[in-house]
Amino acid sequence: MLETPKVLLKNLQDCKIHFIGIGGIGISGLAKYLKAQGATISGSDIAISPSVKYLKALGVEINIPHDPKAINNQDVIIHSAIIKEDNKEIQRAKELEIPILSRKDALYSILKDKRVFSVCGAHGKSSITAMLSAICPSFGAIIGAHSKEFDSNVRESANDSLVFEADESDSSFLFSNPYAAIVPNTEPEHLEHYGHDLERFFFAYEYFLDHAQKRVIYKEDPFLKNYSKNAIVLEKKDIYNIQYILKDGEPYTSFELKDLGAFLVWGLGEHNATNASLAILSALDELHLEEIRNNLLNFKGIKKRFDILQKNALILIDDYAHHPTEISATLKSARIYANLLNTQEKIIVIWQAHKYSRLMDNLEEFKKCFSEHCDRLIILPVYSASEVKRDIDLKAHFKHYNPTFIDRVRKKGDFLELLVNDNVVETIEKGFVIGFGAGDITYQLRGEM
């Protein structure tokens, strides 16, 4: 059983909450949500980010970088998982005896009275959460990415029902109070949090599912296919007549689901149809079928997921994929998109590995995942995400792709410049380029750094 956090948030209208690491997508979502609930929010981070700018525009006082002077009369401190005990603001809060909560513990208070549609899995959870949010427009939403439908990762609502993207990386999904547990897959990742113990990892998913009133699962997953308790089940054979089209220049997937008829969803690929199907099945008890079918059309994608930045002489796509399974699936979508556009351009991949631990844990899979639909591979330095640097010979491991190694990429007008030692070594003026990574590659591709 989970231990209930000793500190609970209540009377939000009178509550002063300080977030350490407020620029992160998960923490910024909670900050926006609690501000809308009436709490007084402040925060800090190590650098300016789009989330920090957004919150500042809402009137949130944010210190860059962390500053112990920012800790004074707050009622509670909430910090992201990456913040360590020796953080100056954490130390100051302890001196002042201000209660300190991790994001994981804070979730219990925030969600305990909500009817939560909690989406968790290794891949696809942001898309499913955003799709379900589009299908159920009266529900609140907290997503780990920006929905293009409402241009935010948070949608406030007076409705008790909330669509929530849960996180397995720190086991915080176990604190999400799921009314409905929606799980597309359980591919092992973040095993360092689970002591590299697969039994412990899968037990967490089982606990998550067991404690929901409603369960929606994709039974092609090796773990989920053996889940024995009552659940709404999706299988690969339930999705058929998949077709890909351009509608007003935008990519869409058309498919039929079980005996429910045809659906149309933004995006490309079988995985896109699977994600949409799980969202649809999750909403069948909430809305009439035709409402679900029509509302799904409001989904316009999410930022950094097959995010088409431009489509002229240079087609440029930014994608968050940072795991081999995700990269392989998205490359298939890229090839489909190229075919729909009738372009003969080769697909150029710019890849920024995210975390040394993930790269090392999945190295053999990474070495294979570019083998299809990637005509040229360009490799950026590993984005460490605060991990200690490890020695790894990427040139040796990826030599079979004859890759180009660069220090960074820079957007210059409609072109991309490849740089080594701050010198431009190549300019890409036309073609089909897709960038992969969960680090700062997204800002490089957008010309924001």
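Glycine is treated like the rest: Cβ placed from N, Cα and C.
The ATP binding site feature in Swiss-Prot is assigned to Gly121, Ala122, His123, Gly124, Lys125, Ser126, Ser127; the stated evidence is sequence analysis.
What surrounds the ATP site, by Cβ distance within 8 Å of the Cβ centroid and not counting Gly121, Ala122, His123, Gly124, Lys125, Ser126, Ser127, is the set Val119, Ile128, Pro184, Asn185, Asn275 from the same chain. The Cβ of Gly121 (ATP binding site) lies under 8 Å from the Cβ of Ile128, Glu168, Val183, Pro184, Asn185, Thr186, each of these being in the same chain and 6 or more residues away along the sequence. In three-state terms derived from DSSP, Lys125 (ATP binding site) belongs to a helical segment.
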